[in-house]
Amino acid sequence: MKIVSYNVKGLNTPYKRHVLYADLKKWGAEIVCLQETHFKRLVHPNLDPRTYPTQYHATGPAKARGVSILVSHRVAFQLHRKLSDPQGRYLIIVCSVNHELFTIVNLYSPNVDQMSFVSSVLAKAQKVLSGMLLVCGDFNCSIDPKMDVRSVKAPTPPTRQIRRGTKFFDLLQSYGLYDIWRVLHPGERDYSFHSTVHNSYTRIDYIFLPSGTLPRVLECTLLDITWSDHAPLILTLHDSYRSTNHPPWKLNESLLSDPASEKDLERIL
């Protein structure tokens, strides 16, 4: 199963929706978490409804913020609970995907007091948590500025930025959450956001999972920054049965032609 997290910087123009649909078709994502859709409350288009007939949106009062979760027709889906922020900052759904329970958190953090916001959203998710927890979105903060920030104006990250990153890391540790891209790419430098104003690159877009689900991760890829100022992040997971030590049972058909086995079956039947 593929899950995409993507800050799209507004989807109110037909052109941007068209390029998004083309990308989603290319990636083949089953679950799509979008940030900064910029839809006004109760006034928004359906996003590629043929491919993603199930959609949830948290919208604000103006054309700003906004998060959405899209679910592909290719998966068996059932919603159990939904928490939606009236300011368009977060969306939490408890659901079954292919008969497996998930709690999916999609958030768009403000660029001030990030840790207070993230802590509040995680606390809300913890209260309704069922099944696998998946947290993703634009956090407007880097966990490790020394690795995840490149700035021409400030080659060395300021102390306040490093302290904020430490608080971010400690918060994730308290919930047992891991930065999946970093787990798979230790020591690698890559960035998810480009600021033309500050002439800087940062990695502020994340997908987090608890340690118990790490064996199910096949891949986590940060793609190029193209038509948005953020890069899409794609997580690929094993199906749940494939994460176990025992493969699905399959009949050994050679037993059907074995006379001894045939007699045993006749006695049982």
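Think of each number as a place in line: the chain as shown, counted from 1.
Including glycine, each Cβ sits where the backbone N, Cα and C put it.
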Same-site Mg(2+) binder from Asn7, Asn12, Asn199, given that TrEMBL records Glu36, Asp138, Asn140, Asp229, His230: Asn7
Asn140 (Mg(2+) binding site) - helix vs strand vs coil (DSSP): coil
Rounded Cα-Cα span from Asp138 (Mg(2+) binding site) to Tyr108 (active site), Å: 5
Count of other CB atoms lying within 10 Å of the CB belonging to Asn140 (Mg(2+) binding site): 19
Extra residues within 8 Å (Cβ to Cβ centroid of Asn7, Glu36, Asp138, Asn140, Asp229, His230), Mg(2+): Lys9, Gln35, Tyr108, Ser192, Phe193, Ile204, Asp205, Ser228
Residue from Asn7, Glu36, Asn140, Asp205 whose C-alpha is spatially nearest that of His230 (active site, proton acceptor), among the recorded positions: Asn7
Alpha-carbon spacing, Asp229 (Mg(2+) binding site) to Asp205 (site 'Important for catalytic activity'), which is rounded to whole Å: 12
